[in-house]
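Look at Swiss-Prot and you will find 57-259 tagged as domain 'uDENN', backed by sequence analysis. Residues or ranges marked as domain 'cDENN' by Swiss-Prot: 278-414. As annotated by Swiss-Prot, domain 'dDENN' applies to 416-598, with the evidence given as sequence analysis. Swiss-Prot lists 787-950 with the feature domain 'RUN 1'. The annotation domain 'PLAT' is assigned in Swiss-Prot to 954-1062 on the grounds of sequence analysis. What Swiss-Prot records for 1134-1280 is domain 'RUN 2'. Summarising the annotation, Swiss-Prot assigns phosphoserine to Ser193, Ser1085, Ser1087, Ser1096. Swiss-Prot lists Thr1079 with the feature phosphothreonine.
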Amino acid sequence: MSGGGGGGGSAPSRFADYFVICGLDTETGLEPDELSALCQYIQASKARDGASPFISSTTEGENFEQTPLRRTFKSKVLARYPENVDWNPFDQDAVGMLCMPKGLAFKTQADPREPQFHAFIITREDGSRTFGFALTFYEEVTSKQICSAMQTLYHMHNAEYDVLHAPLADGGDQSGMEDGEGIPGTKLQRFNSYDISRDTLYVSKCICLITPMSFMKACRSVLQQLHQAVTSPQPPPLPLESYIYNVLYEVPLPPPGRSLKFSGVYGPIICQRPSTNELPLFDFPVKEVFELLGVENVFQLFTCALLEFQILLYSQHYQRLMTVAETITALMFPFQWQHVYVPILPASLLHFLDAPVPYLMGLHSNGLDDRSKLELPQEANLCFVDVDNHFIELPEDLPQFPNKLEFVQEVSEILMAFGVPPEGNLHCSESASKLKRIRASELVSDKKNGNIAGSPLHSYELLKENETIARLQALVKRTGVSLEKLEVREDPSSNKDFKVQCDEEELRIYQLNIQIREVFANRFTQMFADYEVFVIQPSQDKESWLSNREQMQNFDKASFLSDQPEPYLPFLSRFLETQMFASFIDNKIMCHDDDDKDPVLRVFDSRVDKIRLLNVRTPTLRTSMYQKCTTVDEAEKAIELRLAKIDHTAVHPHLLDMKIGQGKYEPGFFPKLQSDVLCTGPASNKWTKRNAPAQWRRKDRQKQHTEHLRLDNDQREKYIQEARNMGSTIRQPKLSNLSPSVIAQTNWKFVEGLLKECRNKTKRMLVEKMGREAVELGHGEVNITGVEENTLIASLCDLLERIWSHGLQVKQGKSALWSHLLHYQENRQRKLTSGSLSTSGILLDSERRKSDASAVMSPLRVSLIQDMRHIQNIGEIKTDVGKARAWVRLSMEKKLLSRHLKQLLSDHELTKKLYKRYAFLRCDDEKEQFLYHLLSFNAVDYFCFTNVFTTILIPYHILIVPSKKLGGSMFTANPWICISGELGETQILQIPRNVLEMTFECQNLGKLTTVQIGHDNSGLYAKWLVEYVMVRNEITGHTYKFPCGRWLGKGMDDGSLERVLVGELLTSLPEVDERPCRTPPLQQSPSVIRRLVTISPNNKPKLNTGQIQESIGEAVNGIVKHFHKPEKERGSLTLLLCGECGLVSALEQAFQHGFKSPRLFKNVFIWDFLEKAQTYYETLEQNDVVPEENWHTRARNFCRFVTAVNNTPRNIGKDGKFQMLVCLGARDHLLHHWIALLADCPITAHMYEDVALIKDHTLVNSLIRVLQTLQEFNITLDTSLVKGIDI
């Protein structure tokens, strides 16, 4: 062991590692706070030479508008004991900053000087933590040089003040104000003045314990009793060194499941540690958080933390910041915060608020500035919590936690049982606590926190000693009323057969803590009771898995979400993408058995196993029914047992082998401790030997020590794993002395982290997208829709906001990206001449004469500014953050995101104006890589704009392409068109005669599915051969092609006057320049030449029975797969039924096979055969020739449906009628009955050859079995397919 070793024992065996003293170093004098270095780097200000050896020469950090007493000065670590321990190297910079986050503070005898306690955490870059507990108090300054230096600063301040405010001297009400308080400067000067001849100067000093575990209450009591010993008029029983030595070297760390009692200066101190099968150690009062914020705000903050938003806590009290942060992270069990975690942000590290990564930080408030004056670098994804004022600002689109209402109700009931109002109590923390301090001031050792030293008295015992209460009791007793039943219960567990060894208030804190934590833990246990089923175990060895971790999918998110109740999805889909969930699953994969498991995971898995045993239903069947927590009593009992039977009492403090005469007691001054006795632990610990028989109950020390080492190794392995796998963001900033190189290195890490996160996100989205495309068959619906895609896109939007917020010169609006876009738009409009950006020609020139028509649409303008205008014209989007996200979604859907951002960043002058040199957007290489990663999104199709903004008005452009052959140009009828999509359909749109291209506007139709086109059969030549129809969304640019290749006209083809066309999306060419593709290839090219359904030996397709069977099987398989997807991810069923390879086409081929050739030029259609079969069966029914009841029912249904289709008012032609009949049969699960019926019909023998498929009973039976698989699905038809029929 180095540095004097810190005594015998290894890392886990000691309660405390260090005792630290921080304060004013009289040798170096007054130095301004570390902010000066930050100013030097960012503002490049020049240093000025000082005027006194006791005033630092670097004074650019000073604010001469503030009086010297209000300024902060640099604090130093004055002493630490021991010097160092191997298992926890002392971090002097971090300890110094966090003990006194704002440096030294000076006060006079006129100022309040109550001691302040706060806890803090030092989180290393690997994620491991050390805990600190600091008590800050004020000592009189005895150094004449320091007093003189303070006097000099006041002279300088007054001179500077007079110069700055002299012109305002006659201004009356405009006299100098200071600090925005509205108090005249002269009055404030007098109030905060310092005169060396009449004032006593005090400076802050801090004593601190550094511990391996967070025993907050015990450490606070130790420090308070030490402080009380210093301020008491009587010296303590023993020198302070004895008590400090005792807590450092002779008080052991309690093992899991054990309790410990040791001695402070004036009284015993008790702490207890949960066992390995309980919730982890947590020693902060949950009650205070709910009182400060209220239940609703706590739940909102909790949700933000789970979704890894940036969280900034804001308070005047360091301990409140720490309590809120620790409570929120403790309630996350079994998940752990994986990002930057600085509950108390030192003033010298304010630049970390610029970090473009998720963080949870606490910012100290001076109590003067309100929220509006607080300039934060980024707010798009920020949750801001003003702890003191019961106020929270939330990010947009925050999903609700599952079962939130029932969850809040359960928590509120617990709070009310403990007398805590669920809505919070704005006044509880100040006025009520002050009253308590006044009432019990003589018994309180720390006036700020209300902790009672020594053997605390219960509040009821205090009341019994009150004379007024005693008189009231006597009066009541004289009236004959018994007070026995009204006695205040002295101990909450008095009905049990044991008594706890702590005061009632402390026990109630323990009880409330564990009850609230159990309820929160129960929620996650219920929500993730079957998570193990969806963990994807790696097939390769551990090393290979670790090296390829970022490319691996370790949790089947889609299947998990498909099992969840619908209300859970918005929250769960985003939570499954967080780093904390990924780390949780990684831990699960890494730990193959209980011996290897992370302790937290072991506890959670044991609770999951217990739920599975208790629940009757199988684990994979989830329910949205709320189930209350049932583990509270068991958890409470474990704590009460530990507090009732103390497992170990540590050695009492004793006299040390000290030099006589040193450490003389002076009331009000913390003495200079003897380092020779405190820096080295006991060599042969006689005190430990003397107490050797007092072993830990139930377990010997060696076994406990082995358990500690194992847990420590598990923890270390976990951190190593996370450091290797989760390096996409900075885990923790290093708290160190600032210098330009350190700040530059930190920002460079931020830039690298952002680039890596961008690479991982794009890869994750592409793998998810293309993985789904690879398993799709038969149709072009290859897109993730619904919750999962929205989650991934929202995550990308958050990343873009963080990138655009990094290194901003001045924040303008909540969305840094939209602010940049607006600046760019303003610059472009200023540079270009008026009207040159107009794109109205596309909409206004909406009609083209038929003679000008060509087979392609006019090109759509591609412009960053035009896409911005589209977003600005959407009235539903109110905020800048919403507009930025909508613009990103639109750009992604148009496959222009990378190009638009490249164009935006091409204005280098604007970028330099908006961003500091270290900003990500000014790092050229990283910026290019970032744009390259975004370019990969062009390989897949997104509908992230169309599927989200479902109610907006969208202009659509239509192009009808008729055949130029066979007199199509002589068409005289009046055509009409109706367009249908996944979100709705248009009314019938009348097309002006001889117009083939037009634009109309309607509510978003979603992805287009069908076009109905027809005419009124008027005029001399009412015959129209339409090749195809094209429809384009003028905002997203998506173009759909609807092939036709058929006549519309009486006496032509099948005599149809209207047709239902099924279309597919055309793909666009990769971006080469701004010209759109004029002849885009099809995603799945439906043939322009329509399948020929007129039965003619010269033109019918030559498919054999095997090919027909295969096409029917693929069509049915496509429908089955459609229904096996989560509902949100299903594509177009219309395409599967009526598309080029759909069910209608496949059955058409089956009925065409072996059809006898017609005589002469007469065309015979399948519908002709069906009508004859209908006539045959109706005749049988009329003649009462019924072979069997089932046959009769099938025949009656068949005839009813054919009649209904024939009676439809629509002029859809014979092929259209066949399509309608097949769709209705599929909907009502009748197709397989009709196939059997038609195969047995005598009409079939007359109209089909002997080799026909429908006459082969084996093939027919096979076809029936295939069609029967559709029976289990509820098929809903597009209204365009069954319009005009009521059956």
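Using the three backbone atoms N, Cα and C, a Cβ is placed for every residue, glycine included.
Predicted, not measured: the structure shown is a model, and the values here were computed from it.
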Nonlocal residues around Ser193 (phosphoserine), in sequence order (Cβ under 8 Å, 6 or more apart): Thr67, Tyr154, Asp199
Helix, strand and coil totals (DSSP H, G, I; E, B; other) for the domain 'RUN 2' (1134-1280): 101 helix, 2 strand, 44 coil
Three-state composition of the domain 'PLAT' (954-1062), taking helix and strand from DSSP: 3 helix, 62 strand, 44 coil
Helix, strand and coil counts within the domain 'cDENN' (278-414) (DSSP): 55 helix, 23 strand, 59 coil
Averaged pLDDT score, the domain 'uDENN' (57-259): 79
Assigned element (helix, strand, coil) containing Ser193 (phosphoserine), judged by DSSP: coil
